[in-house]
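Step one of this worksheet: look at the structure below.
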């Protein structure tokens, strides 16, 4: 009986996806789109210019950035593309 109850709990957790994760884009600059699942509740896109031109970094969370770097944070799946 305990095994059946444990199985039902596990199936419920899997079906309800209680450990919801965000899907954020993580490709750099003009690379083809790639995504990753994140535990954070936000995605970011950092943009800056250097000797190679405009650079873009995407990922999970909402990091602090240095002066001169544009940061955009958002809260929906793949919102940082």
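Cβ coordinates come from backbone N, Cα and C, glycine included.
Features as listed in Swiss-Prot:
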DISULFID  24-43  disulfide bond
DISULFID  38-60  disulfide bond
DISULFID  62-73  disulfide bond
DISULFID  74-79  disulfide bond
SIGNAL    1-21  signal peptide
Distance from residue 60 (disulfide bond) back to residue 43 (disulfide bond), taken between C-alpha atoms, in Å: 5
Nearest-integer angstrom distance between the alpha carbons (Cα) of residue 60 (disulfide bond) and residue 74 (disulfide bond): 10
Rounded distance in angstrom between the Cα atoms of residue 79 (disulfide bond) and residue 24 (disulfide bond): 7
Spatial neighbour of residue 38 (disulfide bond) that is closest, considering only the disulfide-bonded residues 24, 62, 73, 74 and their CA atoms: 24
Rounded Cα separation (Å) that holds between residue 73 (disulfide bond) and residue 24 (disulfide bond): 11
Long-range Cβ environment of residue 62 (disulfide bond), under 8 Å and at least 6 residues apart: 40, 42, 44, 71, 73
Packing count at residue 38 (disulfide bond) (other Cβ atoms within 10 Å of its Cβ): 17
Residue 79 (disulfide bond) CB neighbourhood, other CB atoms within 10 A: 17
Around the Cβ of residue 73 (disulfide bond), the count of other Cβ atoms that are within 10 Å: 15
Close in space, distant in sequence - residue 24 (disulfide bond), Cβ under 8 Å, 6 or more apart: 35, 36, 38, 43, 44, 58, 59, 60, 77, 78, 79, 80
Fewest other C-beta atoms within 10 angstroms, as judged across 43, 60, 74, which are the disulfide-bonded residues: 74
